[in-house]
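Visitor: Submitted below is the structure of interest, expressed as structure tokens.
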Amino acid sequence: MKSLKKQRRIQIIALATVALVGSTALIGYAMRDGINYFRSPSQVMETPPEPTETFRIGGLVEEGTLQRGQGEAVRFSVTDGGASVPVTYVGVLPDLFEENQGMVGTGRYVNGVFEASEILAKHDETYMPKEVVDALKEQGVYREGDS
């Protein structure tokens, strides 16, 4: 009688372990495309990511680089004071988007150009992640009055 209880307990523990591992794997698989890593322009230039990798880049819109093309096409460079990365974006820019202001973009780095699929302009801490502030402070270009 004891061996049947012991065997049943082992089966339940094994089944629970398999279920836990399976659910963890499914959650990880589902989240893999939803996680966007943050990089500063210096990090992008030091170690360029794969063209298939979606990530976020943040910094200041470099002065004198904002060019509006036909339609909603826009080209500019984002800098952290140490490096600049050219950015292209097709879409409507946020109202507060301008040169020498903070921005965060989501997209891919292809052939030396960051192709943004989303641009957020900084107007408060909601749009300026701590990583961007830290990167700008590290480069010595962050202004406290900007936040």
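Glycine too: its Cβ is placed from the backbone N, Cα and C atoms.
From Swiss-Prot, for reference:
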{"type": "BINDING", "residues": "H123, Y127", "note": "heme binding site"}
{"type": "TOPO_DOM", "residues": "1-9", "note": "topological domain 'Cytoplasmic'"}
{"type": "TOPO_DOM", "residues": "31-147", "note": "topological domain 'Periplasmic'"}
{"type": "TRANSMEM", "residues": "10-30", "note": "transmembrane segment"}
Visitor: Using DSSP, how many residues of the topological domain 'Periplasmic' (31-147) fall into helix, strand and coil, respectively?
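Guide: Going by DSSP assignments, the topological domain 'Periplasmic' (31-147) contains 20 helix, 44 strand, 53 coil.
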Visitor: State the residues, same chain only, that lie 6 or more residues beyond the ends of the topological domain 'Cytoplasmic' (1-9) and have a CB under 8 A from a CB inside it; answer 'none' if no residue qualifies.
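Guide: Distant Cβ neighbours of the topological domain 'Cytoplasmic' (1-9): there are none.
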Visitor: Quick check on the topological domain 'Cytoplasmic' (1-9): DSSP residue counts for helix, strand, coil, in that order please.
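Guide: Grouping H, G, I as helix and E, B as strand yields 8 helix, 0 strand, 1 coil.
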